[in-house]
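Novice: Take this structure, written in structure tokens, and hold onto it; I'll ask about it next.
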Amino acid sequence: MAASSTAPRPGRLIDSLDEAASALRSGRLVAFPTETVYGLGADAFNEASVASIFTVKGRPRSDPLIVHVASAGAAEALVRLGPGGLELMRRLTASFWPGPLTLVAPAVPELPSAVTSGSGYVGVRVPEHALARELLQRAAVPVAAPSANRFGHVSPTRAQHVMDDLAHHPILVLDAPPADCCGVGIESTVVKIDEQAGELVLLRRGGVPEASLERWLAAEQGGAAQRFTLKRMVSPGMLLTHYSPDLPAYLLRGPQLLAAPPPGAGSAPLSLGEAVLLDFGGRLAHLRPAAAAYRDLSERADAAAAASGVFEALRWAEAQHAAGARCVLVADVEAAARGGEAAECVPALADRLYRAASGVRAELVASPGTGGAVAVWLLPPEASV
Ligand code: TXA
Ligand code: MG
């Protein structure tokens, strides 16, 4: 849970890039905006600083960190690839950097094992956000940075989100106007270059859609990329429970009210009047009057727009606890998404919502003889999206 309001709050918001850069160089932790989410940064070669990231977040040391750098050349200096792998990396970075793509490759031995979690592999990325790039240039050190939330909680897309989660630690948080940060809104896509197997392994869906990587591979004629295929796996950090708001969240299967609980339903611990509805494309709009609170992630059913605001919306939803809400019900984004290019963002968005709900689904059931009350019935989790 968040630190209590009486706890000391040594964390500090700052505006100065120079202060942020010199703090990183002297071993402090600095949270900074990127085009995806806020990161909690440390000098990647300072073992004590990297170790403190895990302490501050409460993150298991088995989960490696992404290293952020200002240029593709600086990223190359952190990895050890053969000629084929390096050529592939160069082609990928020329197409997708700066931007929300993390490349995982064998690490140079000088990198502290806390960064790689002893895996021998490192994730590297050049972010696109202007403040992040300027900070990396001024700091002139590679910056290891996970998302700047407490472990398991909703990822932060505002300086205030970082303060809410972590200001009881002596971190600095580089401020940026909300309109000017984290426009992609969900984390980078993580892809491992497996040179031996000739595979690009998709470890986490994110800001670069899988469809876009597939198109890229298909369009690459000649050269190293031709020898690689795209494969899907799950990275060490992709737990079933992740991005969780401080209220239990459930995935609403359908927009309609059922007359009776479906077969296999577990229990009905809540009513619709205690639920915050997170809608998509107006699918649940008819239920709005009966719910505790309501917000639509994108009335136009645009998955890219929804991804941009999804973490902010989950944090807003958990704050409705103060007004008596006891759960969050999330619309089925896969069922409602509009076609076109934005639809390519649906899998990454659905992944975040699936994990925010730990895969638990719910149905709404009209309770006869209760004057229109609607019960929220929970169903067992289904296979991952
Ligand atoms: O957009 C992002 O990627 C943000 C911003 C701050 O750059 N960072 C971020 O970091 O999301 P984090 O630590 O919250 O998630 C990193 C993910 C985890 O799932 C982790 O397991 C995976 O990337 N990862 C990082 N390094 C890896 C490695 N060497 N091998 C395999 N997976 C790795
Ligand atoms: Mg994270």
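The backbone N, Cα and C atoms fix where each Cβ goes, glycine too.
Because the structure is a prediction, the values reported are computed rather than measured.
The feature domain 'YrdC-like' is assigned by TrEMBL to 14-208. Residues annotated as L-threonine binding site in TrEMBL: Thr36, His68, Arg125, Ala145, Ser188. Annotated ATP binding site per TrEMBL: Arg59, Ser147, Ser155, Arg204, Tyr243, in sequence order.
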Novice: Among Thr36, Arg59, Ser155, Ser188, Tyr243, which binding-site residues lie by ligand 1, judged by Cβ under 6 Å to any atom?
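Specialist: Passing the 6 Å Cβ check against ligand 1: Thr36, Ser188.
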Novice: Take the C-alpha atoms of Ser155 (ATP binding site) and Ala145 (L-threonine binding site) and report the distance between them in angstrom, rounded.
Specialist: 13
Novice: Among the binding-site residues listed here, Thr36, Ser155, whose Cβ has the fewest other Cβ atoms inside 10 Å?
Specialist: Ser155
Novice: About how far apart, in whole Å, are the alpha carbons (Cα) of Ser188 (L-threonine binding site) and Arg204 (ATP binding site)?
Specialist: 8
Novice: Which of these binding-site residues (Arg59, Arg125, Ser147, Ser188, Arg204) have a C-beta closer than 6 Å to some atom of ligand 2?
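Specialist: Cβ under 6 Å from ligand 2: Ser147.
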Novice: Using a 10 Å radius around each Cβ and all protein chains in view, which of these binding-site residues has the most neighbours: Arg59, Arg125, Arg204?
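Specialist: Ranked by Cβ atoms within 10 Å, first place goes to Arg125.
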Novice: Averaged over the domain 'YrdC-like' (14-208), what pLDDT does the predicted model reach?
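Specialist: The average pLDDT of the model in the domain 'YrdC-like' (14-208) works out to 97.
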Novice: Let me know the largest Cα to Cα distance in Å among the ATP-binding residues Arg59, Ser147, Ser155, Arg204, Tyr243, as an integer.
Specialist: 18
Novice: Determine, for the L-threonine site, the additional residues of the same chain whose CB lies within 8 Å of the mean position of the CB atoms of Thr36, His68, Arg125, Ala145, Ser188; present them in sequence order.
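Specialist: Checked against the 8 Å cutoff, the neighbours are Thr34, Gly39, Ile66, Pro100, Thr102, Pro127, Ala132, Glu187.
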Novice: Name the secondary structure element type, per DSSP in three states, that contains His68 (L-threonine binding site).
Specialist: strand
Novice: Starting from the Cβ of Tyr243 (ATP binding site), draw a 10 Å sphere and report how many other Cβ atoms land inside it.
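Specialist: 25, counting other Cβ atoms within 10 Å of Tyr243 (ATP binding site).
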Novice: Between the Cα atoms of Ala145 (L-threonine binding site) and Arg59 (ATP binding site), what distance do you get, rounded to the nearest Å?
Specialist: 12
